[in-house]
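Taking it in order: structure first as structure tokens, then the write-up.
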């Protein structure tokens, strides 16, 4: 699938840069130069290797709320005079800090800056040739002020001007990051998921090792993300002339994702043993002299095992696979190794494990490949423990913030009237089937309780990041309507 990439913030810029680098190295043609990155701090731009200068957009250059990074000499002098910590904002209960440059981790400032710079954003988006792509993907770290704040404005703008689907890839903060990032991510999820045609979430907590910080694992995590995105969106773009009766195409991916909601990706590989005996056996099969009753290639048991590994692998966002609405399987490898019997066995396995009959499958023939890969996409998943955890953390932070504000004003809980007590947040109330809105005919607008037509998703949320009001009934009401 031809795909335009729009990165936002530090995380979005790094991932887009890594994606284009790997795209070029693997001989795929996915973005065809249709890339853009936006940020409110230009430091990360200096580290990019594949993004041309005209595709790097600095926002808020003259905005009073955006803190510009001084020259390196000034930084050294300032850090020395202030104990080396002049550029950081300590927040939350963890040792990690938030960089104060750019919008300082504040999504409200990020949204305000983006709104003010909409003319510049629109001029930059003119560089994307929508006629060359089948979809656009917004890439951002949802715990950041730029990723979540600027990203929300950009997503609404993309929806307004593009007829093709707009997807989101959002990275969730880990538990070692400041608590404030969880609140920002919660607000970002609430805003972005209803607006996007589908949202791929990546759980940094699941991908970091032991006590390592996310910063220490950035390269490895980004590489894993890009590998899976390339396997998914790059299927068929490496050798478009290869012939296969089961070939996957962009229509299969579009159909899998059209149900909306949150999607996650599983991935597994099997190294091929290309010894002389194997070559001789395949030659006999081609000549019709083999007694093997299978249709050639890797045996069905191996293919089935590979698909199971992909399903049980570390998903980009761990979830209950039985909560998936639709599933897509892509097998990639040498044309003569993918067994049809194994293919069908694997499809049946996915139907059993996910309890859905909507399983699409196809292959990507890659001549000369030394491995077979299985990529599994689960779309519109709803049973996601990490989302529940972030919601609890966000509600707790909001409650503490509200209490602090109330105490500062000289009030106490005993001063609340009955109506005000009813509005207090119960941290134990998290996203459930009852609160997810799945029973309703339409999504519920948190602002006034009215129903919103699901077909008009672009008006379902405000362009700025919604304030987290502590109400958990519909804060994460992102489950897409399931076909009856």
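Positions of Cβ are set from backbone N, Cα and C atoms, glycine also.
A quick note: this is a predicted structure, and the numbers were derived from the prediction, not measured.
Listed in TrEMBL for this protein:
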BINDING   145, 146, 147, 177, 204, 222  GTP binding site
COMPBIAS  415-426  compositional bias 'Acidic residues'
COMPBIAS  436-451  compositional bias 'Acidic residues'
COMPBIAS  471-484  compositional bias 'Basic and acidic residues'
DOMAIN    2-234  domain 'Tubulin/FtsZ GTPase'
REGION    68-106  region 'Disordered'
REGION    397-484  region 'Disordered'
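Look at residue 177 (GTP binding site): DSSP puts it in coil. Between the farthest pair of Cα atoms in the GTP binding residues (145, 146, 147, 177, 204, 222), the distance is 20 Å. Most other Cβ atoms within 10 A: among the binding-site residues 146, 204, 222, that distinction falls to 146. Looking at 145, 147, the binding-site residues in this record, the fewest other C-beta atoms within 10 angstroms of the C-beta turn up around 145. Look at residue 147 (GTP binding site): DSSP puts it in a helix. Within 10 Å of the C-beta atom of residue 177 (GTP binding site) sit 26 other C-beta atoms, taking all shown protein chains into account.
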